[in-house]
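Asks: What follows is a structure written as structure tokens; I'll ask about it next.
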Amino acid sequence: MGVVIGSLEVFFGKGLLIVSEWRLKYFIYLIFLLPVAGLIIEFLYDRYGGRSRQGMGLIFDVNSGAQKTIPLRLIPIVIVSTWLTHLFGGSAGREGVAIQIGGTLAHWCGRYSLAKHIKQYKFEQIALITGMAAGFSGLFQTPIAAIFFAMEIFIVGRLDYRALLPATVGSFTAAFMSQSLGLEKFNFKLTAVPELNLSMAVRLIGIGILFGLAGFLFSWGLKSGKQLAAKLIINRYKRIFVGGLLLVFLMLVLHQGRYAGLGSNLIMAAFNEGTVYPYDFILKLALTVLTLSIGFQGGEVTPIFAIGSVFGAVLAPLFGIPVPLGAAIGYIGVFSSATNTFIAPIIMGCEVFGYQLLPYFFVALCLAYTCNFNVSIYGKQTSLFLKNELNR
């Protein structure tokens, strides 16, 4: 399963790189076609999508038993729709797509496997988690983080260890296939790390709180944005077209495409002493929320990485923290807050930036994870507990 999912993620990921290169080269021409691309995306989902329109919500429903199946047509539709979003200048990610691809394929394998009759293990749920881990790992090549992300994403406060062994096999296999087929992995090893003393711990606590609030702002903004867009323009075709026109205007006037696509340019700027503006994080956040709220497709996580990285690069000097370290903590801190996960972001930070940073990540993310008011980008995520009074 990991071989197939890993190969499919490479196909999706390399296709995304190609359309992103085209966008960078011909941005001034392609951006004006964004509303038309939106109409095509809406037509695909309206005519062929069915329940595929629910995206990650459908994955959560199948895991909880609220729905039984995931249509296989979700895979080609979400891939093509995401490519169109990125080609014509939308601000979106890829992780949600990768998880949907892996989860859909693995769930179908689980449904038609003889092992599904072993009811006490709820084999289809295990297959779903395994596929999600493989999908995440195949795209990001962070296999250990992918395992824990898939196990902790559905219910806050619970790890589904029933899927540990198959998810491990699927995740590492997908990462190996992805690497073998030439999909590049982002990593940045920090060499100069300050001593972790009481003063540094206090600074990590402070910056962690701000990352938690940034993640909350993204999650809350995405939920509110979708509700507001649906209320203002009921017709989906009109919504994505009119919203697309607004997006074209904003992308042009705000540094001509700086905030389009995944946000990889912002991540590279944060870690390589490039130009980072104090307002980068809020503009990337707002434009990603707008893109996804009006109906364009793509994930949220890579833009979240970008938001966290540039926010961390701006905050680091204010807290007396080296900029690369601040950017690294922001990279995973906003991710932790926005997804309402704790273990996976810490491990991801270690896999991307180095395991010597584990204590720094742990201290900062304790606060980032706690200060998100229990709000997540995954609207159907449930929780075993409340981390604060806001949701009581």
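Quick reminder: no glycine exception, Cβ is built from N, Cα and C everywhere.
Okay, so TrEMBL annotates it like this:
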- 26-45: transmembrane segment (TRANSMEM)
- 70-88: transmembrane segment (TRANSMEM)
- 126-151: transmembrane segment (TRANSMEM)
- 163-181: transmembrane segment (TRANSMEM)
- 201-220: transmembrane segment (TRANSMEM)
- 240-257: transmembrane segment (TRANSMEM)
- 277-296: transmembrane segment (TRANSMEM)
- 303-323: transmembrane segment (TRANSMEM)
- 329-350: transmembrane segment (TRANSMEM)
- 357-378: transmembrane segment (TRANSMEM)
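Distances, neighbours, how buried they are, the whole picture for these features please.
Replies: Long-range neighbours of the transmembrane segment (26-45) within the same chain, counting only residues 6 or more positions beyond its ends whose Cβ lies under 8 Å from a Cβ of the stretch, are 52-53, 77, 80-81, 84-85, 87-90, 236-237, 240-245, 247-248, 251-252, 256-257, 260, 294-297.
Long-range contacts of the transmembrane segment (70-88) within the same chain, counting only residues at least 6 positions beyond its ends with a Cβ under 8 Å from a Cβ of the stretch, are 8, 12, 15-16, 19-20, 22-23, 30-31, 33-34, 36-37, 40-41, 44-45, 48-52, 55, 58-59, 62, 94, 97, 100-101, 103-105, 107-108, 260-262, 291, 296-299.
Within its own chain, the transmembrane segment (201-220) has Cβ neighbours under 8 Å at 281, 285, 288-289, 300, 304, 307-308, 311-312, 315-316, 319-321, 326, 329-330, 333-339, 360, 363-373, 375-377, counting only residues six or more beyond its boundaries.
With a threshold of 8 Å between CB atoms, the same-chain residues lying at least 6 positions outside the transmembrane segment (240-257) that come near it are 23-24, 27-28, 31-32, 34-39, 41-42, 89-91, 229, 233, 283, 287, 290-291, 293-296.
Packing against the transmembrane segment (277-296) from elsewhere in the chain are residues 38, 41-42, 81, 85, 90-93, 214, 217-218, 221-222, 225-226, 228-229, 236, 239-240, 242-244, 246-247, 250-251, 254, 258-260, 263, 266, 303, 306-308, 310-311, 314: each is 6 or more residues past its ends and has a CB under 8 Å from a CB in it.
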